[in-house]
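Colleague: Quick one: structure below, then a few questions.
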Amino acid sequence: MKTVKHKILVLSGKGGVGKSTFSAHLAHGLAEDENTQVALLDIDICGPSIPKIMGLEGEQVHQSGSGWSPVYVEDNLGVMSVGFLLSSPDDAVIWRGPKKNGMIKQFLRDVDWGEVDYLIVDTPPGTSDEHLSVVQYLTAARIDGAVLITTPQEVSLQDVRKEINFCYKVKLPIIGVVENMSGFICPNCKKESQIFPPTTGGAAAMCQDMNVPLLGRVPLDPHIGGHSCPQHMAGLPRAGQAASALWLSSCFPGIQEFCNLHQSKEENLMSS
Amino acid sequence: SMFITEPGNLAGVQHIILVLSGKGGVGKSTISAELALALRHTGKKVGILDVDLCGPSIPRMLRAQGKAVHQCDSGWVPVFVDQEQSISLMSVGFLLQKPDDALVWRGPKKNALIKQFVSDVAWGQLDYLVVDTPPGTSDEHMATVEALRPYRPLGALVVTTPQAVSVGDVRRELTFCRKTGLQVMGVVENMSGFTCPHCAECTSVFSRGGGEELARHAGVPFLGSVPLDPELARSLEEGRDFMREFPKSPAFPVLTSIAQKILDATPTQPS
């Protein structure tokens, strides 16, 4: 962890809101700059989605003298997931807390990330053992902050409020909230519909209530929802990408800014 | 103190169904709530046990949020969500002081609560008890299955969405069922396409076909595809009875059919 400059947790109180999808796109977005070293860690031990989203299913991890080697999607983008350790896609990881914590500890300690500018940690939903463990292990090594993902629905927002309070409880800085699945543009007639109506004001209202930044809103897009790999998304014609990819990447500068601000604060503290 | 399980509390429950999913956010709680409403529509008495300790969604879906739970001699009294008292509910959501409180517990404490929920709720006479679970294959699931085992559940409904990421997690969930001896009643594919209200074009927002393929591959019944339906989403937000109020909405026919399949698969003798 010493060689990792910035650590970002991607959290959500609620499952299925697009944490892993967002993490994968964020990783690719940051790695667009060849000089930025990016790492993506998938600690969703029961439902590791990252290998599939990144087009890395079936990849194996190798051990070397310096630890486990991540699987490199690009020269500057390495991925580690428990998904790589399952021999078959049907394998269930039915572990209780202590064993899961042991695995997470191993991931955080024994993966040979090398020099990394950004480590993005994709987490399982909720406020469970995995979260407590990762925050505990990483707090010692300084987490820059957490990005929280939600959909417009109250059923998601009510869980994300809990997640925000979890962050306060464990003193984890909040970078901001991303509202995913925010509206749908029909590919046929181009008219907008709300598939998940924001009956209680969506993320905007919640962010105002809880005084956390809204980083951006991402519409529903079959290209993303159907899980085209981010790298394939980049190859889609502009018209096909349209709103969604642009909305996604509009969230990224805010995240980078937060990390750099965090870093300069730390440096000021150290030099004072 | 030594806790002797009250055999009475689940003795009046005829059939227990678990609703599972490997993946979060696919609609387990939605399907649990709608299945309960649909079964009630056919005249059954239904209870819902919401074992999702970190994200208890059910109370809001049935306009029961903020209700207080009381105790009686045999344990906790479940909350009735309707005037006719045909749907009762127990959820950890009722126990939270403030709805925004996070329940940040480690395994043993969660398992103890689940055990209590399973054995200490005075359900009375029920035709069906629908058990809504959190996503995954973790402590809570094992605790739930173990606590329910003596009462021989009818089986599990596994919910997925069509895309490969979700189906992958569900394959693991099916493995979990096999390993824990839980019979799979069938797979439900949720969020199966969206019909644009403006031009009627149907878009597969979350890809297509995964659930049906998975069921075939795993040799379990495929119970149906529930389309994305903003009226359903809105009903859940507002705690409305979708099955009663929106019979013309796209999701209604398949939800009715899924409930019917459950009724058809229920043996006439209690399980």
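Indices start at 1 and increase along the chain as displayed.
Any Cβ shown, glycine's included, is placed from N, Cα and C.
Checked TrEMBL, it gives:
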{"type": "BINDING", "residues": "B:GLY22, B:LYS23, B:GLY24, B:GLY25, B:VAL26, B:GLY27, B:LYS28, B:SER29", "note": "ATP binding site"}
{"type": "BINDING", "residues": "B:CYS196, B:CYS199", "note": "[4Fe-4S] cluster binding site"}
Colleague: Can you filter B:VAL26, B:LYS28, B:CYS199 (the binding-site residues) down to those whose Cβ is less than 8 Å from some Cβ in chain A?
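Modeller: The answer, in sequence order, is B:VAL26, B:CYS199.
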Colleague: Taking Cα atoms as reference points, which of the binding-site residues B:LYS23, B:GLY24, B:GLY25, B:LYS28 is nearest to B:CYS199 ([4Fe-4S] cluster binding site)?
Modeller: B:GLY25
Colleague: Does DSSP give B:LYS23 (ATP binding site) helix, strand or coil?
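Modeller: DSSP assigns B:LYS23 (ATP binding site) to coil.
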Colleague: Please identify, from the binding-site residues B:VAL26, B:CYS196, B:CYS199, the residue with the sparsest Cβ neighbourhood, meaning fewest other Cβ atoms within 10 angstroms.
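Modeller: Among the binding-site residues B:VAL26, B:CYS196, B:CYS199, the lowest count of other Cβ atoms within 10 Å belongs to B:CYS199.
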Colleague: Between the Cα atoms of B:SER29 (ATP binding site) and B:CYS196 ([4Fe-4S] cluster binding site), what distance do you get, rounded to the nearest Å?
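Modeller: Distance (Cα to Cα, whole Å): 25 Å.
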Colleague: Between B:GLY24 (ATP binding site) and B:CYS196 ([4Fe-4S] cluster binding site), what C-alpha distance do you get in Å?
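Modeller: That comes out at 25 Å between the alpha carbons.
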